Amino acid sequence: MSSVNEEKGQSRFSSGDGSALDTAAIGLPPDPDAHLNNEEKAAVLSTSQYNMTLTIFFISYSVFEPLTNIMLKRLRPSVFIPIIMVGWGASMLGMGFAIFFSAAAVSGSFGGLLAAAIELMDGIRGRPGWAWIFILEGLFTILAGIVSFFLVHDFPDNARFLTSDDRVRVVRRLKLDQQSSAEHEEFRMSYFWSAVRDWKMWLGMVIYMGCDMPLYAFSLFLPSIIKNLGWSSSVVHSQLMSVPPYAAAAILTILIGYIADRTHARGLCNIAVSFFGIAGFSMLLGSDRPGVQYAGTFLGAMGIYPCISNTISWMANNIEGVYKRGVVLGFVIGWGNLNGIVSSNIFFDSPRYFVGHGLILAYMVVFLLGGSLIMTILLRRENSRRIRGERNGWTAGLSDSEIEALGDRRPDFLYTT
């Protein structure tokens, strides 16, 4: 199965790194005036204009999330993913998502290094350094999109790089992981309405907003936070200092993915990791000592990034059916992205950013920690009812195909808690 993992890894990082790198690039010049002389400042966005630009970005970013998940199934992943990249410039699931989303943390780290290097291109061909950041990182995404035409496959049963035996094993593994729709599934509107009526989707939206808003706030404004520590006024130095927190977050993201896959305790993983973030932003909020604040950025990153991949894996584990899962994840991720509007408008009281850090702390305590606690309790309670046979009446008089169509409402489907 090594060929399966190698091919999956290549496609994940070609698309994941490009997407995360572009998102991070938006936040690379968070202080528009930090690296410009007086003549150049007039041509750059003001702080309010910059925040408004981020707001517009997050609206479209979130609104199209549910739609694109449906389009992904209808147009095939091998076609849809490369097109949007170029055009727009279960037991192992958690580890897979962790590796994928660690690319976001790696891209934040790599983006800081890359930005520091590209800043030195300031003035080449009459363009400022920040413009070259968008040009070069945008080209990377376009190239990754082209490569994805050859690396992304639609379904395991028609992946060209797999042998016939590998295809059988992959489909069997998905079915053993309670994914009865491991093969092709036709779209019906009933899947959409089933997703909308599912309480897990709405609670998942609450949990995901608890880590997604802090994620965007952190990635967009980390260089500004570090710059205001007073160690250096250099934008290049601030970008370099932003690298270690992202690297620490990437390592913990993969570790949590591994632990969650082995223990099937995704809720407890979310709860435990959230305390890192709560401690980190408490340090940023409560201390004016540069060393304490910088340490807080490490804990903040380590409390955010692992929860992103773990929450998405948690939702995917507990939703049966390709299209229903796509709709649920679309709403969950889309709602989380919409909260990016909040993140782009709360860092205005430099240098301490009391409002920004305080609101992030509230999100992590109420939505991430609180939501994960409630979800864990409710799922464990439902599993107990199913084990005791209290849900067996749901399948009375149904055929095998009708029982399978129940998806995660089947009495024998036990939730990952």
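Glycine is no exception: its Cβ is also placed from the backbone N, Cα and C atoms.
Remember, predicted model here, so these are calculated numbers, not experimental data.
Pulled from TrEMBL, these are the features on record:
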- 1-10: compositional bias 'Basic and acidic residues' (COMPBIAS)
- 1-20: region 'Disordered' (REGION)
- 130-152: transmembrane segment (TRANSMEM)
- 202-223: transmembrane segment (TRANSMEM)
- 243-260: transmembrane segment (TRANSMEM)
- 267-286: transmembrane segment (TRANSMEM)
- 292-315: transmembrane segment (TRANSMEM)
- 327-348: transmembrane segment (TRANSMEM)
- 360-379: transmembrane segment (TRANSMEM)
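Annotation: stretch 327-348 has the most Cβ pairs under 8 Å to the transmembrane segment (202-223), among 243-260, 292-315, 327-348, 360-379. When each of 130-152, 243-260, 327-348, 360-379 is checked for Cβ pairs under 8 Å to the transmembrane segment (267-286), 360-379 comes out on top. Stretch with the most C-beta contacts under 8 angstroms to the transmembrane segment (292-315), considering only 130-152, 243-260, 327-348, 360-379: 243-260.
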